[in-house]
Protein chains: 2
Amino acid sequence: MRVMGVDPGLTRCGLSMIESRGGRQVIALDVDVVRTPSDEPLQRRLLTISDTVDHWMDTHLPDVIAIERVFANQNANTAMGTAQAGGVIALAAARRGIDVHFHTPSEVKAAVTGNGRADKAQVTTMVTRILQLQQKPTPADAADALALAICHCWRAPMIARMAQAEAMAAEQKRAYQARLKSARTLKAAK
Amino acid sequence: MRVMGVDPGLTRCGLSMIESRGGRQVIALDVDVVRTPSDEPLQRRLLTISDTVDHWMDTHLPDVIAIERVFANQNANTAMGTAQAGGVIALAAARRGIDVHFHTPSEVKAAVTGNGRADKAQVTTMVTRILQLQQKPTPADAADALALAICHCWRAPMIARMAQAEAMAAEQKRAYQARLKSARTLKAAK
């Protein structure tokens, strides 16, 4: 499974590509940070990010995109730009029929370091170790994008089981309601 | 000038197209509300909005897009979705080289009703009157999209004058700094 990790942002947007080889074995294929100047109009910045992401998706052909879930309560001003960047990236995936999953920062930290409140340095250290990189990835956005993709690779089996369980529950509910309806119809007919 | 007004949102996204005929004369060309089901994945919802907006832009060929500026402090959860929807719409405009302007809700209310704190009913009433519509536009998102486009038509001359003044100030600053530099070079050479 090939996973593209995205740490969305307008000023710096971290992108990574990771290949999962079963179990916890993961290999880094690529990592980069897209930068857009803050004095450019918003729509131009989004276009730069979108064009870069299009190129990444068409070059690496990922099976799934893992994007960091943004919360508005962190820093209101940057959160909106981050949401807009994440939106255009999710759109690029939808245009190609690629699945998109969102992971919260604490899910990512917990997956990679075992601690949902780990700091940036701990995340970078663990990412470097897990992927057996020669150097620590910089800036932090690059490390975060790699951590996101690793997090998705490791959580994917659990997410798949959850989706299966939910689908089964929905099917059972549908069957139960159908039985209930036919029982009522029979009763009314008597 | 043809202005497309956008009241961004995931559940309901208001779209309008208005033609400005100089002065305060404005004519409504089209208005609609795009709805996407809340149980669909985010990327699918963004794709529906993006496809509809693409179609609108290619059909009506607007000169400029006016989008409501979203603030994170209103409702954190819906604000993120609204920002994402606004982002993909700004991106669609950037792909076509169409200018994008953002207006705050109070700028829109002030432009249309004369009161920056007007309620939705007042905005709808004034939009109906200004555009000489036979019926009040519903839902509120449709009226808001029309109000946004009207707001842009009426603020556009002021925005153009501001941009001109800013460009002139930047040019004067550049010329002053060039003079300063050459004076210093002369002084150093003496």
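Cβ atoms here come from the backbone N, Cα and C positions, even for glycine.
Bear in mind that TrEMBL entries carry predicted annotations, made automatically and left uncurated.
Per TrEMBL, these features apply:
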type: ACT_SITE; residues: A:D7; note: active site
type: ACT_SITE; residues: A:E68; note: active site
type: ACT_SITE; residues: A:D141; note: active site
type: BINDING; residues: A:D7, A:D141; note: Mg(2+) 1 binding site
type: BINDING; residues: A:E68; note: Mg(2+) 2 binding site
Residue pair A:D141 (active site), A:D7 (active site) - Cα distance, angstrom, rounded: 6
Look up A:D141 (active site) in the DSSP assignment and report helix, strand or coil. helix
Counting Cβ atoms within 10 Å of each candidate's own Cβ, which of the active-site residues A:D7, A:D141 comes out highest? A:D7
Would you count the other CB atoms within 10 A of the CB of A:E68 (active site), including those on all shown protein chains? 24
